[in-house]
Amino acid sequence: MNVYDLAVISHIENITDIEFEYILSSQDDKYLYVDNNILKLHYKDKELFIDFNSSEILNRINPSTKKCSVVQAVEGRSKDKLNILDTTAGLGRDTFTLAARGHRLVSLEKDCYIFVLLADTLNRARQIPNLKDIANQIELINIDANEYINTASISFDCIYIDPMFPQRNKSAKVKQGMQVLHDIAFNDDESNSNLLKNIIISKKTKKAVVKRPINADFLYGKKPTSQLKGKTNRFDVYSL
């Protein structure tokens, strides 16, 4: 397949202003393509695309569904609509879930491949009546989180960090999308600790929330103000 296919170039140019030459790769094991007007990433023997209209996401944002842990951790006792910075957009599930609660999101994704997949699903969501208003709550930016923290002039009610957990195995229980995301966009704990450090120093928020494996060390060695614990992970909440 020619990764410089005009359909791919046209599709990317229609959903984002990023330069397509920066994205398209001549690598045989990693390339973008369009299938039924959906932008997809082929990576080795796997396929990745993002769909905010999936049954999983729709169930997650259903008002009758119990608030998930990320919502509880970010909102706390607040009843207000918040301005939130998601420093690690990834597959966008937490961003979209928080936006569905009426919050405004600036969502950062440094990997250009994942970024355009997110831009594509946001563009599709804006064409769906019941998702349009949610998608319009999200500003997606292709940038490294540390760079954004160091240069942005605005502040937020909450800054959220969801570092990918180290993969212990490649079992079938690990979803294919997470396997691909981990392989191409993983940051180690040192990088994530530096991010939390920069957030604290920047004074751009009074609250930071970090998602961690249940038994993992604290990022930046800093004990949180409070925690919300689940079976396999926890949310460390910092009042700054």
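Residue numbers in this text run from 1 along the chain shown.
Backbone N, Cα and C atoms are what each Cβ position is placed from, and that goes for glycine too.
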Arg93, Asp94 bind S-adenosyl-L-methionine per Swiss-Prot; candidate in Asp29, Asp157, Asp162 listed for that same site: Asp162
For Asp162 (S-adenosyl-L-methionine binding site): intrachain residues, at least 6 apart, with Cβ closer than 8 Å: Val70, Asp86, Thr88, Gly90, Asp94, Val210, Lys211
Candidate with the highest Cβ count within 10 Å, taken from the binding-site residues Arg93, Asp94: Asp94
